[in-house]
Structures are given as C-alpha cells and as structure tokens.
Amino acid sequence: MATFISVPLKKSSEVDLVKPLSKFVTSTYPASEDQGEYLRAVEELNKLRKSALGRPLDKHESSLEILLRYYDQLCAVEPKFPFSENQLCLTFTWKDAFDKGSLFGGSVKLALASLGYEKTCVLFNVAALASQIASEQNLDNDEGLKTSAKYYQLASGAFGHIKDTVLSALNREPTMDISPETVGTLSLIMLAQAQEVFFLKATSDKMKDAVIAKLANQAADFYGDAFKQCQYKDNLPKEVLPVLAAKHCIMQANAELHQSVLAKQKKRFGEEIARLQHAAELVKTVASRYDEYVSVKDLTDKINRSLTAAKKDNDFIYHDRVPEVKDLEQIGKAALVKPTAITPPLSQKFSDLFEKMVPMAVQQSMSIYSQRKAETVNRLVGTMREATNLCNGVLASLNLPAALEDLSGDSIPQSIAEKARNVVQHGGLQSIEQLIKDLPELLTRNREILDESLKMLDNEETTDNELRTKFSQRWSRTPSGDLYKPLRAEGANFRNILDKAVQADQVVRDRYNTHCDMIALLCKPENELNAAIPSANPTKTLQGSEVVNVLRSLLAQLEEVKKERETMEGEIKAVTFDMSTTFLTALAQDGAINEEQLSLGQLDQLYGSYNQRVQASLRTQEEVLGKVQTSHQEFSSLKQSNADSNQREEVLKKLASAHDSYMEISNNLREGTKFYNDLTEILLKFQNKCSDIVFARKTERDELLKDLQQSIAREPSAPAFNVPAYQSTPAVPSGPAALAPGPTPAPRTVFVSGYSAQH
C-alpha cells in the first residue's frame, strides 16, 4: 500500500453577494435590458458561490468543476466591479485549513474585504480537492494512474500560483495555510507525488529499469526538497514530515533497486550488491522510524530476495569486489511532471455571467472621456456665447440697431419693441424671481446630503479610533481614517463645488439687481414703454443716407454670424461617439488603456473642424465690429446732437442692455437649477457609497470584536504554578466509565491510501 498526502479544504462563512452587487448595477447602469440581465447574473453568481463553498464537496471531478467555474467567474468579474474596502466592500471570512480550533474558541480565521483573498482561498480549495481526488484513484489501472498524475500536477500548479500571488492579493499577513512558505511546500509535495505516480505507471508498464530508476530518483529528489522546506517549520501538520522523510527513502531505495538490475545486466555484480545493500538500509530506516505512516514490507521482501540471490551468485561464481556506496556512479534523474499553469478559464464549461459588462478600466476611461468631451463642448460653446455677449454689449453701447430705427424720435424703435416682446414671452420678472427664489432651497438640500454623508464617516471613524485605543495592536484592521481618505477628498471637492456655485449665484443676483428696473420697463405694455422713453427732435434727413445703409448691412452680417453660432452650438452638442469599443480593443491588445492619448485623438477628429469654424467666426465678428464702430462715428457726427436726443439714446441703450442681461441671467439661472438637480443625484450616490462602506465596516467591526472576545476568553487568567503531587494523581474511576477511552484528536491532514504496484 502507498500513502499519499492530501490537503483538507478551507471553510468559508456565508456572504450575501446579491445586495451590494445589485446596488452597484442599479446605480451604474440605467434601467434597461442590460440592467435586468446583470441583476440575474448577480443572483446566479450568489448561487454558484453557495454551490462551491456552502456545502460539503464530494471527492469527485464534478465537485472540482463547480469550484473551477466559481474561480473562473471571480477572475472574470474582478475587473468589472470596483471591489475594494472603500468602494464595493465585500468582506470574506475563511478559516485556516489546518487549524481545528480549541475548547473555548473558534479556529483561526481571517476576514478581509478583498476579492483577491476570496480568489486565493477558492484556488486553495481547488488544489486541496484535486489532491483528494488524486489520492482516491485506483492505481492498479492505467486510467487511475493518469487521472492521479493529472490532478497532483493541477494541485501543484494551484499551490504554486498562490505562493507567487498571495502577498500582493492580500496586502497583509495571511493565515498560515495560505502563506507563501506553506503553499510552496505543498506545491513541491504534490509535484513529488505526481512524479511517484509516473514511477508507478512505468513499473506497471514494465519499462526499462534505467528509465524507472531515473523516475524514482527524481521523485526522491522532490520529496527531499519538500522535507527540507518544512523540516524546521511548524506550518504543516506534524504527520507530514515523517511521511516526506519515508517517501524520500522509499524512492531512493526503488532507484537503487532498478539500477542494480542494470548493473547485473552489465555484469557489474559488486555494484549490484552495493546498490541492493543501500536499498535494504533505506527501507530498514523507514520500517524502524516511520512504520506508523508507511508500510514497506513488500518492497523490503523484494529487495532482500534480490540481495540474497546476488550475494550467493557473487560468493560462489563471480567474486566481484563490492564498492562503497559513495563510490557508486550517480543515478540520473528524469522529471516527467510540471505544475499545471493557472491560466483562467480553468473550467472547460466556463461561461462568463457578466459577458456584456465592460471592465471597470473601460468604465473609468469612458467616464474621463465624457468629462473631456463635456469640457471641449463647454469651451467651444462658451467661446461663442462670450463672443456674442461681447458683440451685443458693443452694439448696445452704440444704441444699435435702435439708433437707425429711431429717426422719427418719438416712437419705439422696432428692435426695442421686439426685445420687449421677447422678455415677456420668456416670463418676464416673475420667471427670474421664481428661479432666484428656488436656488437657495436646492443649495440647502445638497449641503444637507453632503453633511449627512460625511457625518456617517465621522461617527464610524470615531468608534474605530476608540476601539483601536482600547485593543491596541489587536485591532488589526485598516484604520478608518486611512480608508476614508478618497471619500473625504471627494467630499471636499463637492464642498468646493458648492462654495463656487454660491459665489456664481451671487454674481447673477447682483447683475439682476443692476438691470431690474429696465427689465421691468420692458415688461410694461407698449404705450407705457413708449411714454417712458424720452422723445427727441427727428433726424429724418439721415433716412436713406449712405452711412445708414452701410450700418444696416454690417448689422445684418453680425446677425448672420450669431445665427450661424446658434446652429453650430446645436451641432456641437449633438455630436456622439461610442468610445467603449476603442477602449476595449486597447485593453485586449495592450492589457492597459492609454485613455488620454486615445480620447484626445478622437476628440480632435470630432471637434477639430468646429474649433476652426469658431475661430473663423470670432475673426469675422472682430472685423465687422471694427467697421461698425468706424461707420457709427460718421453716423453720430451727422446726427443733430442735443440734450433730449442724448437722454433718449441713453435710455434706449439701457433697454437693449437690459434685454441682453435678462436673456443671459435667465439662461444662467436655468443652468444653475439643472446643475443643482444633477448634483443632488451625484450626492445621493455619494451618500449611498458612504452608507455602504460604513455598514460594511460595522459588520467587519462586529466580527472582529467577536473574535477578540473569544481570543481573550482563551487566554490563561493566571500564570502557571506547580500542583502538589498528591493532587495530580488521577483517581481510579469505577463503573463503565473506567472502560471508556478518552477522545481521540482528529488527524490534521487527510491521508488517503491508494494502491501501489509491488516494488
């Protein structure tokens, strides 16, 4: 019988994946067919975890398939959700596979808000279950040997992968079972067992003794390396070390046995005896020291029979000198095994539940691209609006076009009448005053949401600091102050945005107060407006003059420029382009996204021509306005100037300026209202984020407090002291209890016996 080491599974506490993941889906993706599909996928993921970890698993390939599918899904979902302590916080709790706990407390366990930790522990269970399946195989047949070797190599690869990734995945000290030292040793043990299985297959297939000797010697080497790694460490159950030592000797003995056959074939009878004697010493050591773990009776009998026959033949026939073991030629080695590479998907039946969902890297790039696009649009639109306001201001200061329409001197100029009608159509004073009244309420609502969000963080952080002071180093989780830094930075940014918005609101109010009287005048009936405008001497002599015709032509050109800008603004705002495909392609090809380079290149393609058109529009306006000012000087010199006409012109200028200010103030207030409403939605998401992390921290805190209380309960309350001898003499029980044996401690490593070929 051959003894093989298999590893026990880690146990995990139940975790509700549905609530936090569903919350992220509904807040990130708008209500649509995709959202429904993602919510169903979340339910399936939760079921998959329960199937993989929420029940005992049979030592069967179908159970391993469930574990592999769950591991693959974790790998696939990791880049698509923002799993972290301060974003999407999911706390996973796992027990140490080799720790069985004590009478007063639970076993050693670790709770971490890390998907990397969950992946590591699931992969540990993949390796552990693979080792158990391999150890269950019937090694008397070819199929069993192949299956066993396959799963030992998978276990070796999985343990090796954990060794290479566990520290970066956890960013803190792991439990002993998944520490690099432990899983590194387990990886070597599994590789040694896979090599031993190949040795058994070669023996079963009656391959050449030279080949079998090399396979056995390589297995001995692997077992020896594993033995050295855990010889002076207490990171594996105590039963492992003697088994490794025994296997090292057994494989060496097998190598010597088969090499002795080769020596006999080459008529090196002394070497044959020396190798058989060395093999006999090795199995004798195993029998005397490790008989409790490994039986070598069959191998011992085989070696002794061969040694007796060899000695007899040499004594009577060959008389060949028997060399020292140290003088024998080294037996070669042949490794037919290697750890299986852990490259997801590991399951052949894997299908990503969230296949349509784009990775977080793409989502983040899309978000930054959207900001860049909005900034580009705002810059172009803002430049055009600023230029139009400048144009309107210049014309209002020159009383144009009203001065050209006011040649009679006693009626409302057409442009002023149109401006008055425009103000009334947009709601007049009442509309602006209502918008101004609403702004403080919207501001207050946003401030309250922000204050409440930050207060939640403050309260939780205060509790965390109090417990850290109380328990000192035992309070081992990440300080809340460190964890909340990104959220506090986000909150400070929101506070800054609100402060700037308040200042901007005040500027708009001041401007309104400046023009309020004139805006009110524009809202009056036409006869009252006409009466409020001073009359002046007519200047009909200018009607049809060249300078008037030139000014009218220039003003028409400016109106055309403004209309083109309105059309262009609509086109610029309507431009759309889906960058997700570009970002996904870059991520697939390069493993990373150069968002800045890709976004700026695409935005230049989309808006480069508009930028040129905006600049051309500015140049045209500057040129035409220059001509307007020159022509206006000539026009003014021809007009009969007196006090009445100057007073009338001044009022007309103020009315034109009041109209332009009204339109701008009205737009500013509507944009401000939209800004506050949009910010409310963003702040509510921020509040949810704060609420979620505070809830997760509270759950983690309660779990840690429970563990600390159990740990404190396990500690001795007083130093050890000597008990008098008479008190320590056990009383002899009477009755049936005297015959009852004491409890037998459970073995800390699973040992599964498989069938081996006769060596």
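The backbone N, Cα and C atoms fix where each Cβ goes, glycine too.
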Given 125-151, 314-340, 719-745, which one carries TrEMBL's region 'Disordered' label?
719-745
Tell me which of 47-74, 551-578, 663-690 corresponds to the coiled coil entry in TrEMBL.
551-578
Average the pLDDT scores across the domain 'BRO1' (3-395) and report the rounded value.
91
